[in-house]
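S.K.: Pulled from TrEMBL, these are the listed features:
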- 80-99: transmembrane segment (TRANSMEM)
- 105-124: transmembrane segment (TRANSMEM)
- 133-150: transmembrane segment (TRANSMEM)
- 162-179: transmembrane segment (TRANSMEM)
- 251-379: domain 'Palmitoyltransferase DHHC' (DOMAIN)
- 297-320: transmembrane segment (TRANSMEM)
- 340-364: transmembrane segment (TRANSMEM)
Amino acid sequence: MKRGRKKVRGPEAEETLCCCEYLDRKGQRSHLAACFCECEDLDEGCERWLTCRSLPPGTLERIADTVTDRFRLPWLRGAVKVDISLLPPIILLPVFLHIAALHLLLALVILISLPVLVLWYYYLTHRKKGQTLFFLSLGLFSLGYMYYVFLQEVVPRGHVSTSQVILLTCGLILMLVALSQAKRDPGYLPCQTSSDKALCQGGNVNNNNISNRNDLESSKGLYTAAVPDIAMNSYPEGYASVLEAGTGGITEDWCTKCHLVRPARAGHCRICGRCVKRLDHHCVWINSCVGEQNHQAFILALSLFLLTSVYGISLTLDTICRGKATIKALFYCPGVYGDYSSALSFTCVWYCTIVTSGMGYILLIQLLNISYNVTEREARIALKENTGRRLLWGMVVDTGQYHRGILHNWIQFLTLRSSDLQCSTEDIV
């Protein structure tokens with residue numbers, strides 16, 4: 001079934017859209033009622049599946065793109081697009097936890113399967129280098145749902161005081177505030193792509209000052225460019241300090257994706273498609289990079305999450321396993337599956353314990369990296385080029401390049417944003 005569509009572009013089309021209309025990925029005006037129209041790829045796929053024939057290359061990708069583009073909700077100025085990756089955690093997590101509360105064996109199977117499925121999806125998306133809101137949705141919904149179960153199943157038993165509930169709530173709110181700060185600009189560098197000649201947010205870098213690009217040697221999207229002395233005055237001090245580090249022929253990394261000279265310790269994120277100052281890694285849990293501008297907030301959010309989670313776990317275990325120590329109750333709580341409310345609370349406790357253990361490991365690695373003044377990106381490069389040494393049973397890689405002592409390294413980390421603000425003020429002057 002085909003339906004004619006009028007091709008309308010620009011702001012004029014957006015003004016005339018009703019709540020159920022939208023512009024699809026081809027720029028054509030469509031309606032939610034026509035979401036099942038023009039599904040030739042899906043029809044062909046079903047036909048080939050029924051006749052046991054293989055699909056042509058790219059068919060599944062086109063079907064996925066079409067479904068993603070048409071999954072929308074009505075809104076005031078046109079139907080808004082909803083990311084499908086948001087939905088699985090919201091739908092599946094409560095179902096799995098409620099099934100796990102039915103029996104101990106079901107709990108064991110589900111609590112073992114959930115981390116495996118999450119890791120499998122992580123490696124699947126990491127291999128494709130694409131952004132996804134699945135992990136952010138999983139994290140936020142897990143927090144909300146655990147808090148809901150705590151209020152509905154644990155607090156009514158009367159063993160948790162009002163002050164304890166307020167303290168747990170404050171910890172949750174503070175963690176969400178730190179998380180919102182961590183999701184802000186990680187320190188993106190200005191970029192100029194071939195499709196968009198206007199510079200991206202954050203500054204102005206004149207690419208014409210870098211000569212002899214034809215002689216540059218490429219290496220995985222990077223050029224090592226010889227920068228003449230005349231180019232130094234055209235860059236902000238954040239760049240000039242790096243350029244002046246050498247003598248004679250000065251070399252610096254040139255990013256062919258963002259079209260800029262990168263300062264020391266900056267890196268290009270292939271998922272975000274931007275260069276970031278002091279890039280540590282791309283975190284799927286916040287769907288953003290961790291860099292110079294948000295690294296402190298990232299560590300704070302992790303720390304607050306661990307404290308709040310451990311406190312909530314201890315309150316729940318003290319309530320459903322009366323008279324037992326917290327650690328002992330986690331592994332031995334007789335009769336907990338005799339009551340469905342207690343079983344659900346106990347299952348959520350173990351789910352929180354698994355998540356908290358994973359986040360605790362991430363925080364430990366981050367604290368060790370800060371102590372040795374090395375980022376995850378630098379550690380991976382050092383291991384790949386065999387220029388670093390593993391310490392503390394392989395949990396940290398010491399590159400020896402920026403390590404100036406633990407105290408000095410922490411002072412430098414805690415003053416990251418203040419030093420960047422000082423450089424920005426000097427650039428304005």
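Backbone N, Cα and C define each Cβ position, glycine as well.
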S.K.: Among 80-99, 105-124, 133-150, 162-179, 297-320, which stretch has the highest count of C-beta pairs below 8 Å with the transmembrane segment (340-364)?
M.R.: 297-320
S.K.: State the residues, same chain only, that lie 6 or more residues beyond the ends of the transmembrane segment (162-179) and have a CB under 8 A from a CB inside it; answer 'none' if no residue qualifies.
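M.R.: For the transmembrane segment (162-179), the list is 143, 147, 150-151, 155, 286, 297, 300-301, 304-305, 307-308, 311-312, 315.
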S.K.: Let me know the model's mean pLDDT on the domain 'Palmitoyltransferase DHHC' (251-379).
M.R.: 93
S.K.: Can you tell me which parts of the same chain pack against the transmembrane segment (80-99), counting only residues 6+ beyond its ends and a CB-CB cutoff under 8 A?
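M.R.: Same-chain contacts beyond the ends: 22, 67-69, 71-73, 106, 110, 114, 132-134, 137-138, 141-142, 145, 344, 347-348, 351.
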